[in-house]
Structure formats: C-alpha cells, structure tokens
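*Asks:* Here it is, the structure, as structure tokens.
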Amino acid sequence: MSGAGRIWGLHLGLIAVLFALQFLLPAYHHGNLARIMVLASYAVGYNILFGYTGLLSLGHALFFAAGMYGMGLGIQHGGLSPAPALVLGIGAGAVVSLALGLLALRTSGVAFMIVTLMFAQAGYLTILYFGEYTRGDEGFVIQSAQRVLWGIDLSEPSNRYFAALVLFAACLLLSLWLIRRPFGRTLIAIRENEERVRMLGYDTQAHKLGAMVISGTISAAAGAFYGLLFGYAGASFGAVPHSILPLLYVLLGGAGTILGPFMGALFMFYLIDLSSGVTTAHMLIAGVALVLLTLFAPQGIMGELRRRAFGWLP
Amino acid sequence: MSLLRTRGLSRHFGGLIAVEGVDFDLEEGEVRALIGPNGAGKSTLVGMISGRIPPSRGTIEFDGVEITSWPAHKRIMAGMSYTFQITSVFPGLPVRENVALAARRRVPQGEVTQAVEAALARVGLGERIDQEAGDLSYGHQRLLEIAMGLVQRPRLLILDEPTQGLAEGEVAQFKALIRDLAGATTILLIEHNMQVVMEVADRVSVLNFGEMLAQGTPEEIRANAEVQAAYLGGGDAAA
C-alpha cells in the first residue's frame, strides 16, 4: 500500500534528518536537540495514554521519576553499570504504571486525573522522604565515569546526541507501529466511544491497562535516559509541573498524532529558550503562545496540519 | 433447547421497578419481536441480556450456560451482538474501520476485510465504505449499526429499535435483510413499527410496566384483548 509507504517514509525521514543534524548543528543547538529528543520521548509515552486512549493523566512524572531513580539509584547505590541500570529503571516504570493502572483505572474522567495526580505527589514525597538515598530536592550527580555504556562515554556530546536519537527513534517507531495495529486502533475507538467498544466484545479495561503500562514504560525509559545522558537525578523531575510538561507538549504538537509530541517539545523548548533571552517573565510568553494556539489551532500543530491538508497523517 | 433463557429477571432503579420477574425463552433460529409502550422496560431487559445493565435479581442462560455475572465483552465473544437504540457509531472513524472494529473480535484476521465489505454491501452501504461515519445521514448510521452487528456473525443478534428514523425504502430493505437472516441467526428485535413486527417476527413478546404481558404469534398478539388495551389501542400505537 502506498499509504503505508508514505507514512513510514515520513517518520523514518524525520529520524534521518535528526541524524544528519548531528553533524550540522552548532554546539548549543546540538545539546538542546539531544534534550528535546529525550523530552519528546517522554511526551510520546504520554500521548499513547492521553492522545490515543483519551485518558488524561496528571501523574506521568511518577513514571519518569521511576525510570530516572530506578536507573540512578541502581548506579549510585547498587553499583550497576549503565545497561542493567537502564533496564532496572524501565522495569521500575513498568511495575509502577501497572500498579497505578490497576488502582486509577477504577475511576474515569476528573477522578482519574485527581487519582493520578495524588499518586504522583505521593511518589514525589517518597523521593523526599528517603532523602538519605535520593538526596531529596538537591538530587545527585551521576559521574562521567559511571556513564560509560559498552565503552561509549555518554557524557560526550555527540555520543549523547546519538543515544538520545536511538531512544527517540525507538519510541516514535514503537508508537507508530502500535497505533496501526488492531490494539492501537482499539485504543482510538475507546477514546471515541468506550461503551460501544465494550459492546463490540472488547475488554476495554484490559486495553486501558495495557495502554497505561506502555505509556508509563516509555515515559520511564525517557526518565532513565535523561538521568543517564545528563548525569543528574533530582526530585523536581517527580513534581507536579513535570507531569504537566508532557501534557503541554502533546497539546501544542497535536494530541493523537505520532509526530505531535516531538513538534510540541521542540516548539515549547525553543519558545522558552528564546523568550528567556528577552525577559525573565518567559513563562508569560509561553502562556500567551499557548492561549493563541488553543484559540486558533485547538488540535495542535500536527492536528491542524492533518485537518487542513494531510488527512493521512497517523 | 432454548438459545436464551431468563428466569425471574428483575431490575430496580432505586424505588422504580423497570423489569420484574421476567421469564423469557428464545428458540434457536427464531425472529422474536419485543414490544411494549414507552417505559415498559424493553431496553432494560435487553440491556441485562447483553450485559450492559446488571440485574437486581434473576438468572440468564445463553446456550445452556449461565451468564448472569459475565461482563458484556465475554457475552459478545460467546456469540451475542447488540446494536444500540441511539446510534452509537464512531463518528471520527471511516465506515470501514467502524465495521472492522466489530469484525476483528469475531472473524479470523485474514478474513476481516472481506467480511467488512460483505456486511456493508448487505445493508447497502458498500459505496460509502471510505467515508467518515460522522458524515453519513442518520438513516445510514442506523444501517451502519446493523452492519456492525451482522459482521460479528452472531448466534443472537439484538436490535434495539433498528428502523427508528429510517426512510420508507430503507425500512423495506431492512425487512428483506431480516427475512434473509432468519433461520441462520436468532434475532431479538425491539421495534415500535408494528408493520415491521407483524411482517418479520415469528413470535412477539409484550412487556408492560416491566412485566411480561403476553407472548405468541403476531396474529395471537394482534387478537389479544389485554395487549390491545395496554398497547395497540393506546395512544402509543405506532401502526
């Protein structure tokens, strides 16, 4: 099918462009883009639950932090090398998202938002409570010497960029593959009309739990990579604002579009970056941009593109 | 043996008795119409049968197995199919995907495309397969609902007021479709259009105030004085 070729071509093309940019960008933007790709991976995970399944979580920082601390504590206190530490972080995210899913999915709508928010807050307080190990708010640095993965020093900028790209490409292609499969199409149908899906013979509860675990695990992978690539784990990554961040990225970029999380992260990152060069009230500028986008492109950047011109975008 | 059997099936909403002590038997292969005035409990009864509404009391057996506590999705997998009274398609998805979602649950993966096209052709929507469901007219959305039921190749097809809002020609098409399915599929039909009931049903059950008032062939029901008093002669008669 030419439709499938076009879709895969577009997404693989983006990955190729990001690969090429590695050799072209000046150091400052090179570093930014590495960070954006990891944050975009976080948003890709968020988008599976919010954009595709229609469940608005306010607690995804819990998963990000589970990945970050699973990895970081594994290195810091478990003496692990980066590879098993990453596995530990991602595994921690899977377990935490399964547990939260089993509890929070008993609710829906506003109650679901509040339950996820509260559990994430409990997770944040847990990080502070065990300050002896986590160093609380202050956090801890993961030394360069501890960040050598299979002989590759991840504190070196181009290695770091490449690792971020590998993570982002994996998350992006996984989400694209998932959404085109019957499982993903069922998630979209649940978003559109859950009761109807149930009456077509689907166990919607199991599907939502699956979406929660996939979403949480991807977010945890982003958290684990973030800590490893940038050498730091801190409690602020588990706090409420960090749960709102992927929501903003996804809303800006386009909820329920594969490329939306990346576009949103890119846009938001540079919006804050550029406006903070002009004024200290940079969040005000970000806020105005959000209001304008909500007014004139409520479906986000990619959602608007899909609506106006590219109906085939997944 | 009955395909479907309920005993003492009841549902109370607070103090309101929606359905009370209904014993209902449905033979394999028959077309049964369920009629009754508005608020008689028809939708509640089929809601309990299909698993949308948990009963307050009573039991439901499907194909000899007690399913009273089964969740809806398990009943669908066992061979029931339910179409909604208020059109409940996926408006943002193409017609094809609407039916494919229904098909993927019951049809082997390799046969889904073919089954989807066949079901849509059968209700006369074959040419609209790539449209968005939300762009269809109301009548066509009703037909899409029916296609979503058909494609699951159910043993028991439950249709909740399928002809509501259909144009005359579409009603005729619907009647032909039911006659075509009769025998192979057991059909339970909630219907207000008495002409449709009289033409397609093998037997008719009448609910009134949540209780089973009468059951019989269309002719028997038409001649039943109690039914006439409760329903046919009342202001509610649609015929």
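The backbone N, Cα and C atoms fix where each Cβ goes, glycine too.
This is the feature table in TrEMBL:
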TRANSMEM  A:7-28  transmembrane segment
TRANSMEM  A:48-71  transmembrane segment
TRANSMEM  A:83-104  transmembrane segment
TRANSMEM  A:110-130  transmembrane segment
TRANSMEM  A:161-179  transmembrane segment
TRANSMEM  A:209-235  transmembrane segment
TRANSMEM  A:247-272  transmembrane segment
TRANSMEM  A:278-298  transmembrane segment
*Asks:* Same chain, outside the transmembrane segment (A:48-71) by at least 6, Cβ under 8 Å from its Cβ: which residues?
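*Replies:* That would be 42, 82, 85-86, 88-93, 95-97, 100, 104, 108, 112-121, 123-124, 127, 134, 175, 178-179, 184, 187-188, 190-192, 194, 207-208, 211-212, 214-228, 233, 235, 237-240, 242-247, 250, 254-257, 260-261.
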*Asks:* Go through the chain and flag residues at least 6 beyond the ends of the transmembrane segment (A:110-130) whose CB is under 8 A from any CB in it; none is fine as an answer.
*Replies:* 55-62, 65-66, 69, 96, 100, 103-104, 136-137, 235, 238-240, 243
*Asks:* Any residues 6+ beyond the ends of the transmembrane segment (A:247-272) with a Cβ under 8 Å from its own?
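*Replies:* Cβ under 8 Å, 6 or more out: 10-11, 14, 32, 35-37, 39-40, 42-44, 46-47, 50-52, 56, 58, 168, 172, 175-176, 179, 188, 191, 282-283, 285-286, 289-290, 293-294, 299-306, 313-314.
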